[in-house]
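**Student:** Structure provided below as structure tokens; questions to follow.
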Amino acid sequence: MEPWCGAEVRGQGPQGPRVPGASRSRSRALLLLLLLLLLLLPRRPAGERIRPRRPPRHAHPRPPLTRWRPSTGYLAAGASPGTLSTTVPTGPGVSCGSRGICPSGRLRLPRQAQTNQTTTAPPNSQTMAPLKTVGTLGMMDTTGSVLKTVHSSNLPFCGSSHEPDPTLRDPEAMTRRWPWMVSVQANGSHICAGILIASQWVLTVAHCLSQNHVNYIVRAGSPWINQTAGTSSDVPVHRVIINHGYQPRRYWSWVGRAHDIGLLKLKWGLKYSKYVWPICLPGLDYVVEDSSLCTVTGWGYPRANGIWPQFQSLQEKEVSILNSKKCDHFYHKFSRISSLVRIINPQMICASDNNREEFCYEITGEPLVCSSDGTWYLVGMMSWGPGCKKSEAPPIFLQVSYYRPWIWDRLSGEPLALPAPSRTLLLAFLLLLILLGTL
């Protein structure tokens, strides 16, 4: 008797009996192919597409904060005055982690109270030699000469302001107060603010670096952008690096820029002084409390009321941190974009600042810096906004901590890797292989 409804006998197909184990062998081959593809996938540059996973909280002891060591321009853990003090790793020059990255604790920033010819030749090679710490008393170059001796309780770390009096507002005092501020110039004209994070590296926003056939230079140690000073240096830019995920527009309107960050590598390193000093980068896992008072510094809009630029000398303005959810809600009402679309994402941070026309910094990448126990951290860089005349809309800064791994990868000289496919695509590909294996 034939099977009901012409059903095939198990183990046989319309063309005859199946070969035992053929389907299983084909499935195994497909799975091996999938494993090979996963092994060959290029590594994703950290900090460009995904948010780094937060490390677990540790109440006791608190993990050390990660800081720039100005003498070398590399990441290292070290001590600082006050409650942020940590233990230095054993032995001089010890790097943290496999690539020199040290674990960072949760930094909760509290509320705060309120012309000479520029040298264009590279400095002496001995001056440019990398420095290393010697115990806790001083620094030496690679030749063994003592360059500077410091007290053990006053080690020279990043984020040190060299002007303690906040009432002084003259240009020279402003340079000492914000020694990491540099002017990024294209073909001799100021276009954006930059932030010194190492002797040969400047951080800025990507939308200032999108021009072609431009000669970039960086002016450091000067409060003016239209003249030099005895403390200033103009250094040509050797290399421009823009985050490969940068998008000038995230949506169909003016709202938002994505991954608006870039790096400038200088042709030679700057010599540190009280007018030239790097700022600290916050750790991967840190918190800036809502309503905390921070500072925006820079030169403002490059062209205001027909006058270029808005300010010739360095300016500063205090702003307060705005809750991200409130900021996102405001922009949904302001732009009429669907509430299903998230406008303010984890790579952004909002600030409350009224009367921005007086100091309009919306398109020139001015930094947002916050102080904790006397140490200054680069929290954000001005990315986008609706315009300084619409002061009711908060300015949106790129959140620097999100891009800390990307910055370190570029500074450590790792090759630029292609972005890896998302987990969703990998899962879909795996399901497709399983379906093919059952045929």
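Backbone N, Cα and C atoms are what each Cβ position is placed from, and that goes for glycine too.
Fair warning: this is a prediction, and the values are worked out from it, not measured in the lab.
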**Student:** According to Swiss-Prot, region 'Disordered' applies to one of these ranges: 1-22, 309-330, 353-374. Which one is it?
**Tutor:** 1-22
**Student:** Can you tell me the three-state DSSP label for Cys327 (disulfide bond)?
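**Tutor:** It is helical.
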**Student:** Could you measure between Cys370 (disulfide bond) and Cys388 (disulfide bond) for me? Cα positions, answer in whole angstrom.
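**Tutor:** Here the two Cα atoms are 22 Å apart.
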**Student:** Just to confirm my parser: what is the rounded mean pLDDT across the domain 'Peptidase S1' (157-412)?
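**Tutor:** Mean model confidence (pLDDT) across the domain 'Peptidase S1' (157-412) is 86.
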**Student:** Helix, strand or coil at Cys208 (disulfide bond), per DSSP?
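**Tutor:** SS state of Cys208 (disulfide bond) = helix.
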**Student:** In which DSSP state, out of helix, strand and coil, do we find Cys370 (disulfide bond)?
**Tutor:** strand
